[in-house]
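What follows is a short report on a single structure.
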């Protein structure tokens, strides 16, 4: 359970000064091996993408950067407390947590046939809360269809922030509906959320949703 993972080790209070650069900030976390680390079922990787100042002619995703891969609860809390809160980032920044070995791109073999559930956030505080609840659910293997999930993306925007939960097999409606219902429960959302296929999004920017819960 995600709650068990969260409770396993209290969030560490770090004295290291935050650095404005993402990689430097991750290093500032000063993660140290500890006695009796609480290992996760699988490794996870944080990614960062700032699209606020794209270079002319740059391909989509060219600013995507791998930030840190972790495999223990202790590492997770160090990283989250020190760096990885969406509200800390400027507009047009995308923040990702994906299974290690999977890149947050449509072209990745694990994502190519997938899609995403999307939810919008009414405030920065709400975004941070939903983000943290989702992270704990993922690393805590709280979803019955955990192997179907690639990761989650927090998109910080000027007008409206959003979270997107990426999955592997969009055509597997039963699995996607189960994931969608569970996610709504985890982030405590009552409004309808929608699921779109990556293939549809490639062809059409405002692709019509295929599923909703």
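Each Cβ is built from the backbone N, Cα and C atoms, and glycine gets one as well.
Copied over from Swiss-Prot:
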type     : residues                             : note
REGION   : 1-37                                 : region 'Disordered'
BINDING  : 56-61, 88, 106-107, 157-162, 202-205 : mRNA binding site
DISULFID : 111-150                              : disulfide bond
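Here the features listed in Swiss-Prot are painted onto the structure.
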residue: 88; record: mRNA binding site; DSSP class: helix
residue: 111; record: disulfide bond; DSSP class: coil
residue: 150; record: disulfide bond; DSSP class: strand
residue: 157; record: mRNA binding site; DSSP class: coil
residue: 202; record: mRNA binding site; DSSP class: helix
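Neighbour list (residue 88 (mRNA binding site), Cβ cut-off 8 Å, at least 6 residues apart, same chain): empty. Residue 205 (mRNA binding site) sits 18 Å from residue 111 (disulfide bond), taking the Cα positions as reference. For the pair residue 157 (mRNA binding site) and residue 150 (disulfide bond), the Cα-Cα distance reads 22 Å. Distance noted between the C-alpha atoms of residue 111 (disulfide bond) and residue 202 (mRNA binding site) is 13 Å.
The Cβ of 205 has fewer other Cβ atoms within 10 Å than any other of the binding-site residues 157, 202, 205. All protein chains shown were included, and the count of other CB atoms within 10 Å of the CB of residue 150 (disulfide bond) stands at 22.
In this structure the C-alpha atoms belonging to residue 150 (disulfide bond) and residue 202 (mRNA binding site) are separated by 18 Å. A simple way to gauge crowding: the CB of residue 160 (mRNA binding site) has 11 other CB atoms within 10 angstroms, across all the protein chains here.
Take the CB of residue 111 (disulfide bond) and look out to 10 A: across all protein chains shown you find 22 other CB atoms.
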